[in-house]
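K.L.:
Encoded as structure tokens, here's the structure I'll be asking about.
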Amino acid sequence: MTQENQVAGPRPSGEEAPPTQARFGITVAVVSVVAVLVVGQAFITIPLMPQLSSAWGVSQASASWATTVFAVAYACGSLAGGPLSDRYGRRTVLAGSVAAMAVATALVPLATSLTWASAARALQGVTAGSFVPMSYAYLSERVPERRLPLALTTVNAAGGASAVLSQIEGQVLGSALGWRAVFLLSAPLLAFGALAIRRVLLPGTVRIPGQGSAVPGSGARVLRSARLLPLLAISLPLLGSITAIYTVVQLYGPADLVGDPGAMLGLRASALPAMVLAVLAAPVLGRVPALRRAAAALGLAGAGLVGAALAGGGTVALGAALFVFVLAVSTAGPAVVQAIGATAGTARTTAIAAYGFLLNLGSGAGAQLPLAIGSVAGVALTLAGLLTACVGLLALARRAAVRHGRISPADPVNAASRAGHPRRRPDRPRVDEPCGRGR
């Protein structure tokens, strides 16, 4: 383990130990802004598909592979973040990955064919992959439990907002300056983001008192557990549903919407207030147990997608339905992350990395779903069915937690950890415990 990673243990008498708790405001702000820059690259090609197809000599459907390749590579990159950050520290991996992504982003405009563009996009994705899961891991270690729902929701909302902001950026800059300028402007912003991460985040990792070191192989056992597998499975359609619904609207939406850049811009921008509302509601919703919060939000997201399917050619109705959908997904994501972190114990980093992998694998699949179905209503109803199934997976996760003594059947609050389960930090809630209880 490197020197940077050694933030706990005996110290010479009189030497002050380094801080382990992050400065909340500046940390959440910097991580959120960089999340917009990093995650936004996954969606920035959606409004650029007409230009990309022309530049690369392919159809718009083929150009959508630029989104899929990024997402799949992003998913693979997320798996490396856990082991690397355990060895070198969260800050080093986060700053280094964003810096590497800046270089990869500058290479995309040099591509003259779909093949070379896909290679550059894959490099972008693999360098970006560890950012979101390791930022969640950093916040889970460095932020007090009572403020963790707000921190996670803010970063999650920033990542979600990037799906909208990056499409607006791509549409506006692409129309004014061409598609290459979009990436040439993104690269230096990512470089500045890497510097900000390096300056603001604390070095090393935090050893959670009472948990000790993870036993070799324990991470794999936890990932296979009935308590965690349903939670990880839910991550597949979370981001994938956002990618799929906005891609299908771009390709097969109402004629007056697809043919009017201003109307499409307005539709994308209308989702931003939903993400802001999710952040504002986080302190209140954080009092609701994570599993129940996630189930309610996923149910609401499914209802929003049904509304999108029923909107027909109505742009206003479609916008209202997508507002509900985005609000619900922005609430569900942090709740799932919180439940995964509480369930995984010493394997938290591994579990969150697996979450990131599946999240972005789902995003890649989401970009291809519209091509297989070919209509807004068909995609929306398919996604609604998947999210409804996710509510059932949450019920399975809770039942497994009850069976293993992690939750009392009569009380949404977990029972105390039993023998064989890692002890949690005193300020960490149980899997289904609302934050702030007793405070």
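Here the Cβ of each residue, glycine as well, is placed from N, Cα and C on the backbone.
Quick paste from TrEMBL:
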- 428-439: compositional bias 'Basic and acidic residues' (COMPBIAS)
- 27-403: domain 'Major facilitator superfamily (MFS) profile' (DOMAIN)
- 411-439: region 'Disordered' (REGION)
- 24-44: transmembrane segment (TRANSMEM)
- 64-81: transmembrane segment (TRANSMEM)
- 93-116: transmembrane segment (TRANSMEM)
- 177-197: transmembrane segment (TRANSMEM)
- 228-249: transmembrane segment (TRANSMEM)
- 269-288: transmembrane segment (TRANSMEM)
- 295-314: transmembrane segment (TRANSMEM)
- 320-340: transmembrane segment (TRANSMEM)
- 352-373: transmembrane segment (TRANSMEM)
- 379-397: transmembrane segment (TRANSMEM)
K.L.:
Going along the chain, which residues at least six beyond the ends of the transmembrane segment (64-81) come within the CB cut-off of under 8 Å?
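P.N.:
Contacts of the transmembrane segment (64-81) (Cβ under 8 Å, skipping residues fewer than 6 from its ends): 41-43, 45-46, 49, 52, 93, 97, 114, 117-118, 121-134, 243, 247, 251, 353-354, 356-361, 363-368, 371.
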K.L.:
Hey, does the transmembrane segment (93-116) touch the transmembrane segment (269-288), meaning at least 3 C-beta pairs closer than 8 angstroms, sequence gap 6 or more?
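P.N.:
Counting Cβ pairs under 8 Å (6 or more apart in sequence), the transmembrane segment (269-288) does not reach the transmembrane segment (93-116), since there are fewer than 3.
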K.L.:
Which listed stretch (24-44, 93-116, 320-340, 352-373, 379-397) has the most C-beta pairs under 8 A with the transmembrane segment (177-197)?
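P.N.:
Stretch with the highest Cβ contact count: 93-116.
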K.L.:
Are there residues at least 6 beyond the ends of the transmembrane segment (295-314) whose Cβ is under 8 Å from a Cβ of it, and what are they?
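P.N.:
Those are 234, 241, 245, 254-256, 288, 320-329, 331-332, 335, 376-378, 380-381, 383-385, 387-388, 390-391, 394-395, in sequence order.
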K.L.:
Taking 93-116, 228-249, 379-397 as candidates, which has the most Cβ pairs under 8 Å with the transmembrane segment (24-44)?
P.N.:
93-116
K.L.:
How about the transmembrane segment (352-373) and the transmembrane segment (93-116): at least 3 CB pairs under 8 Å, pairs 6 or more apart in sequence, or not?
P.N.:
no
K.L.:
So, does the transmembrane segment (93-116) come close enough to the transmembrane segment (228-249) to give 3+ Cβ pairs below 8 Å, pairs being at least 6 apart in sequence?
P.N.:
no
K.L.:
When you scan the chain for residues with a C-beta under 8 Å from the transmembrane segment (379-397), skipping those not six or more beyond its ends, what do you find?
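P.N.:
Long-range Cβ neighbours of the transmembrane segment (379-397): 226-228, 230-231, 233-234, 237, 241, 244-245, 248, 291, 294-295, 298-299, 301-303, 305-306, 308-309, 339, 343, 369-370, 373.
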K.L.:
Same chain, outside the transmembrane segment (320-340) by at least 6, Cβ under 8 Å from its Cβ: which residues?
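P.N.:
Apart from its flanks, the transmembrane segment (320-340) reaches 136, 148-149, 152-153, 156-157, 160, 164, 228, 231-232, 234-235, 238, 241-242, 245, 267, 270-271, 273-275, 277-279, 281-282, 285, 290-291, 293-294, 297-301, 303-308, 310-311, 348, 351-352, 355, 397, 431-432, 435.
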